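Here Swiss-Prot flags Glu26, Leu27, Glu86, Asp295, Lys375, Arg382, Arg383 as N(1)-(5-phospho-beta-D-ribosyl)glycinamide binding site, drawing on sequence analysis. The annotation ATP binding site is assigned in Swiss-Prot to Arg118, Lys159, Glu199, Glu200, His201, Ile202, Glu207 on the grounds of sequence analysis. Annotation comment: Swiss-Prot describes Glu276, Glu288 as Mg(2+) binding site, evidence class sequence analysis. Residues or ranges marked as domain 'ATP-grasp' in Swiss-Prot: 123-319.
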Amino acid sequence: MIKLRDELGTATTDSAQKILLLGSGELGKEIAIEAQRLGVEVVAVDRYANAPAMQVAHRSYVGNMMDKDFLWSVVEREKPDAIIPEIEAINLDALFEFEKEGYFVVPNAKATWIAMHRERLRETLVKEAKVPTSRYMYATTLDELYEACEKIGYPCHTKAIMSSSGKGSYFVRGPEDIPKAWEEAKTKARGSAEKIIVEEHIDFDVEITELAVRHFDENGEIVTTFPKPVGHYQIDGDYHASWQPAEISEKAEREVYRIAKRITDVLGGLGLFGVEMFVKGDKVWANEVSPRPHDTGMVTLASHPPGFSEFGLHLRAVLGLPIPGEWVDGYRLFPMLIPAATHVIKAKVSGYSPRFRGLAKALSVPNATIRLFGKPEAYPGRRLGVVLAWDKDVQEAKKRAEMVAHMIELRTRSSDWHSQDYEKRKHLL
């Protein structure tokens, strides 16, 4: 790890700076594209061939990232300057071993270890960062789950202790939902479900993500820069639409920066963190943290200047390149270019070789564009693309993104065409 960098080499030569992506989805693809623009060599790893980031990397490897020996074989061969986890399903022991051997793990192995485990994260938020969260309890048996839900109160949320994207989570309205919540955690979690966290339901106005980025300043000191908070909503626990700026009060915005600063200072390291929070009026509660670019932050592909999306900011922090900002009331802020919004394009069916139509109409809409991720396989709920829209009025950007997304139809080799307008919950149009 260096401090502020003044030089870069050339990819595929002996002067190259090299990054290794552990996970090669749509977020990794955008990191790889930003790296390519700076002549940085990119190596992408995932469990399946032709994952999105692999399509724009210099080299790729397919294997089980829970297998420590596989990860070591790649690292020893490539000797990257930075190892960038993009997903949760990675052997954590390997990350600590890489650091011990002198490799730079982004942001650091400990932050990744904490963030992917809800109990470790919640205890870190409450006891070390000392930031407000919803009330919570843990359960390891069905009887304990009944007891915890009664004490927290209904409605409440149950979540597998290790998972992501809403998998293994359930909104519990009353005791009759608890058996289903237990089954959901035990069968749908993307990681361990040996324990379940029960969280108080916060009746929030908006859910936001703060994309706080820790990086070196011109004096070689680590500072934190804050883009405008990103508003978003989820459907069935998974991101469906986002927009920037979030429509919150000035007081709440300052509290968002304060909470994000306390959390990222505790986690440490370099890079961008997606800090999820609930906002109601002027009150803010911390929820979860992603130690990497965040799904909802794809809106910055439209709202931020070229090269400074959340992916560009993450890469600059990793490489030790400068990030502009302005100090306002004690916080270093990154300026937006224009209000913008996203809306997902999701599969409703399973199958291979997805095809999309409706593009002639969708791509004719002014102030909007589409990103198709290039995933070779579809299944219900899988995110295959996103619409970006921008406008001086963020409400208009939100409507435009939604409208364009619903123009797209999708099919696979084994299914018929289906439109995106099958989902209407929380929509504006």
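A Cβ is built for glycine as well, from the same backbone N, Cα and C atoms used for every other residue.
Known features from Swiss-Prot, placed on the structure.
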| residue | record | DSSP (3 states) |
| --- | --- | --- |
| Leu27 | N(1)-(5-phospho-beta-D-ribosyl)glycinamide binding site | helix |
| Glu86 | N(1)-(5-phospho-beta-D-ribosyl)glycinamide binding site | coil |
| Lys159 | ATP binding site | strand |
| Glu200 | ATP binding site | strand |
| Glu207 | ATP binding site | strand |
| Glu276 | Mg(2+) binding site | strand |
| Glu288 | Mg(2+) binding site | strand |
| Asp295 | N(1)-(5-phospho-beta-D-ribosyl)glycinamide binding site | helix |
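Remark: Leu27 (N(1)-(5-phospho-beta-D-ribosyl)glycinamide binding site) has Glu86, Arg292, Pro293, His294, Asp295, Met298, Phe311 as non-local neighbours, by Cβ distance under 8 Å and separation of at least 6 in sequence. Just so you know, of the binding-site residues Glu199, Glu200, Glu276, Glu288, Asp295, the Cβ with the fewest other Cβ atoms around it within 10 Å is the one at Glu200. In sequence order, Gly25, Glu26, Ala51, Pro52, Pro354, Arg382, Leu384 make up the list of same-chain residues 6 or more apart from Lys375 (N(1)-(5-phospho-beta-D-ribosyl)glycinamide binding site) whose Cβ falls under 8 Å from its Cβ.
When the neighbouring Cβ atoms lying within 10 Å are counted for each of the binding-site residues (Lys159, Arg382, Arg383), the highest count belongs to Lys159. Candidate binding-site residues: Glu276, Glu288, Arg383. Nearest to Lys159 (ATP binding site) by Cα distance: Glu288. DSSP assigns Arg383 (N(1)-(5-phospho-beta-D-ribosyl)glycinamide binding site) to a strand segment in the three-state reduction. Mean predicted confidence for the domain 'ATP-grasp' (123-319): the pLDDT average there is 96.
In this structure, the C-alpha atom of Ile202 (ATP binding site) lies 27 angstrom from that of Arg383 (N(1)-(5-phospho-beta-D-ribosyl)glycinamide binding site).
Other C-beta atoms found within 10 angstroms of the C-beta of Glu86 (N(1)-(5-phospho-beta-D-ribosyl)glycinamide binding site) number 25, with every protein chain shown included. Note: Glu207 (ATP binding site) has non-local neighbours Gly231, His232, Tyr233, Gln234, Glu276, Met277, Phe278, Val279, Asn287, i.e. same-chain residues 6+ apart with C-beta under 8 A of its own C-beta. Annotation: Arg118 carries the greatest number of neighbouring Cβ atoms among the binding-site residues Arg118, Ile202 [cut-off 10 Å, Cβ to Cβ].
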